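Per TrEMBL, the features are:
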- 69-95: transmembrane segment (TRANSMEM)
- 115-141: transmembrane segment (TRANSMEM)
- 162-187: transmembrane segment (TRANSMEM)
- 231-254: transmembrane segment (TRANSMEM)
- 266-285: transmembrane segment (TRANSMEM)
- 318-338: transmembrane segment (TRANSMEM)
- 358-378: transmembrane segment (TRANSMEM)
- 438-460: transmembrane segment (TRANSMEM)
- 526-543: transmembrane segment (TRANSMEM)
- 690-755: domain 'CBS' (DOMAIN)
Amino acid sequence: MFERFGSGASDHDMIKEPLLSKNRTNTTSQIAIVGANVCTIESLDYEIVENELFKQDWRSRNRVQIFQYIFLKWTLALLIGLGTGLVGCFNNLAVENIAGFKLLLTNNLMLENKYFKAFVTYASCNMVLAIAASALCAYIAPAAAGSGIPEVKAYLNGVDAYSILAPSTLFVKIFGSIFGVAAGFVVGKEGPMVHTGACIASMLGQGGSRKYRLTWRWLRYFKNDRDRRDLITCGAAAGVAAAFRAPVGGVLFALEEAASWWRSALLWRTFFTTAVVAVVLRSFIEFCRSGKCGLFGKGGLIMFDVNSSQATYNTPDLLAVILLGVLGGIFGSLYNYLVDKVLRTYSIIHEKGPIFKVMLVITISLLTSSCSYGLPFVSQCIPCPSYLEEEQCPTAGRSGNYKNFQCPPGHYNDLASLFLNTKDDAIRNLFSPGTKEFHLSTLLVFFAAIFFLGIVTYGIAIPSGLFIPVILAGASYGRLVGTILGSLSNLDTGLFALLGAASFLGGTMRMTVSLCVILLELTNDLLMLPLVMLVLLISKTVADGFNKGVYDQIVKMKGLPYLEAHAEPYMRQLVASDVVSGPLISFSGVEKVGNILHSLKFTRHNGFPVIDEPPFSDAPELCGLVLRSHLLVLLKGKKFTKQRVLTRSDIMRRFKAHDFAKAGSGKGLKLKDLDITEEEMDMYVDLHPITNTSPYTVVETMSLAKATVLFRELGLRHMCVVPKTPGRPPIVGILTRHDFMPEHILGLYPHIHPHK
């Protein structure tokens, strides 16, 4: 079967439609949800196409050109780090100033006892920002909705869609994230920063542009999926580094969660990229200390410094940590389950059109504003601590830890200190030492509200990250447990909040190493390493017993054909030939132009086997594989002959390897660009110079489990299946990503139990 993802398939062979309406049919290419947009997708090809043109180009490269290629790799890594770091600084600066102005305005009205006017102002500001964010997503770049991490993860696994990393997606991701976070939604800017970093890397890795006359010879080296994949991995790592000020955590996030392929050379470049981001952020912080950043406060570039607390613990503390791990696993799996249900519900609304996406965002905005402003009224007022000298209590500014709200002078509202603050400041308040008092009812109400609002907010048409809602909810119940234990524990309640955040993150995202390092870099508290490791391992283990991690779940829900690192058990019952399907379309080594054009027109296959037959060989034999994109370029060049003869030398003189390099997103040749006359339809063209003569092949009796692992580890788009016995046609069929999908296999063999 060829790379068609459903063309010519029977009813049970059609693509899965997890979030797609049942009445939508697809006969060309697989479709999936990217952001909040339904679009066609196709596979990426990380295989080196070893045809004669490529070999000639490789032999002709001198040492200077090889040095240019290596130098450009590091230069692009530097530019990705600079670009992502600057965007991270801009995001933080914009969010802090916009949200700061909104909160300052609301606070000033409340100090004048104009509570209703303050609410109208607060809700109106939030709604305007929400409409701006949703309008950008709904009308300009629907692919920018959500966190973007599932889409980046799928891209690095080998799944591409034009809109995933488009320039319009980058623009909307940046400004939509700023407006969404500043609007007070229970979302973070961390997930969108990963997508932003990947978009920046994709733009830099397009390999030049003829339109803008950026066509230096050495830029052409990056016109392939392999190098773009490496750059986007660097971009994803840079995004985490910019969001959390965690350069090492960014590298580990790319390794553990995002990338499907890894090697030591990529590790060095990724580390270099995140180091550049760290330098940019540090320079920005130093600049802002001079007071030139407006309302930009300590909460801008998050660093939750909890190292002032002594991390000494005993056996009861370890039991409490184990309890937090179990709670994190249970809450995390429940969170993922509910996010699944909400996303499925929202997909029905999103299908009705952009205006319905905006209306949904307005509804959630009003709900969030009502909760944030209304719930603090049920909280009790707390007298200001007597030891406060430097910090004013209650604070009159926009980012204080002691919000007065409706309380009398000398008192503060602890729930308002969490709700009517930026999310970074709310986390800082929860992580603060036990000297800052929170009522048990406050922590319980805040946890319930954030848990609920985080679920209903994720999935609306704005760029939204999951990290911050999960950290807020986890820190709430962590501090709640620490407050209940009180004097029974040696650990500070702020450290319990950190461990609660770690447990909830482990329960939802199922990452361990990268989350551990990110949290340690966030809090600057290395002494907590053993406890953070323990709580992450327990929460992940407990949650794995219920469902998958949130990003794996969303990848599946969106219909992205993601290949797991391991084969499913039932695949051992099948062999490679069991899942290939026909009809098989192949070309001769010297093929008639009309036949090629007909196949390109009436199929959506992206790879065709080339078979040599007499007089060009003694018997039919597999010459290799030719790609659709290469055939289009060859036909465009019109090196045809009236006789069926080899014309290698003419084609080698006419074309160079870079003529067949992969174009930037959506810019390659299309079938409609060809102008073939009736006379030329009966002429012949030699396919040998552009045929990959060493495609990866497997024998038809290889188990499907082994073929699946091989396909994923090599990053293939096509895998040829050859016969085991002689005297048969030289190729049985072609395996593509679609053939390894459970929906396809279980559709062909419904009697197979998927868990055996």
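Keep in mind that glycine also has a Cβ here, set from the backbone N, Cα and C atoms.
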Exercise. Taking residues 6+ outside the transmembrane segment (231-254), which of them lie with a CB under 8 Å of any CB in it?
Worked result: 76-77, 80-81, 84-85, 87-88, 152, 155-156, 165, 188-190, 193-202, 204-205, 222, 266-267, 269-271, 273-278, 281, 301-303, 465, 467, 511, 513-515, 517-518, 521-522
Problem set entry | Close approaches to the transmembrane segment (266-285) from elsewhere in its chain (Cβ under 8 angstroms; 6 or more beyond its ends) | 73-74, 77-78, 80-82, 84-86, 88-89, 230, 233-235, 237-238, 240-242, 245, 247-248, 250-251, 254-255, 259, 301
Seminar exercise, completed: Outside the transmembrane segment (69-95), at least 6 residues beyond either end, the same-chain residues with a Cβ under 8 Å of its Cβ set are 174, 177-178, 181-182, 189, 193, 196-197, 200-201, 204-205, 218-219, 221-222, 227, 230-231, 234-235, 238-239, 241-243, 269-270, 272-281, 284, 288, 293-294, 296, 300-301, 422
Problem set entry | Intrachain residues whose Cβ lies under 8 Å of the transmembrane segment (115-141), provided they are six or more past its termini | 35-36, 98, 102, 105-107, 109, 163, 166, 168-169, 171-173, 175-177, 179-180, 182-185, 354-355, 357-358, 360-362, 364-366, 368-370, 372-373, 406, 460-463
Seminar exercise, completed: Sequence-distant residues near the transmembrane segment (162-187) by C-beta distance (under 8 Å, 6 or more away from its ends) are 34-35, 37, 39, 87, 90-91, 94-95, 98-99, 102, 125-127, 129-130, 132-133, 136-137, 140-145, 148, 151-152, 154-155, 193, 195-196, 198-200, 202-203, 232, 364-365, 368-369, 372, 423, 450, 453-454, 457-458, 462-466, 468-469, 472, 665-666
Exercise. On the 0 to 100 scale, where does the mean pLDDT of the domain 'CBS' (690-755) fall?
Worked result: 89
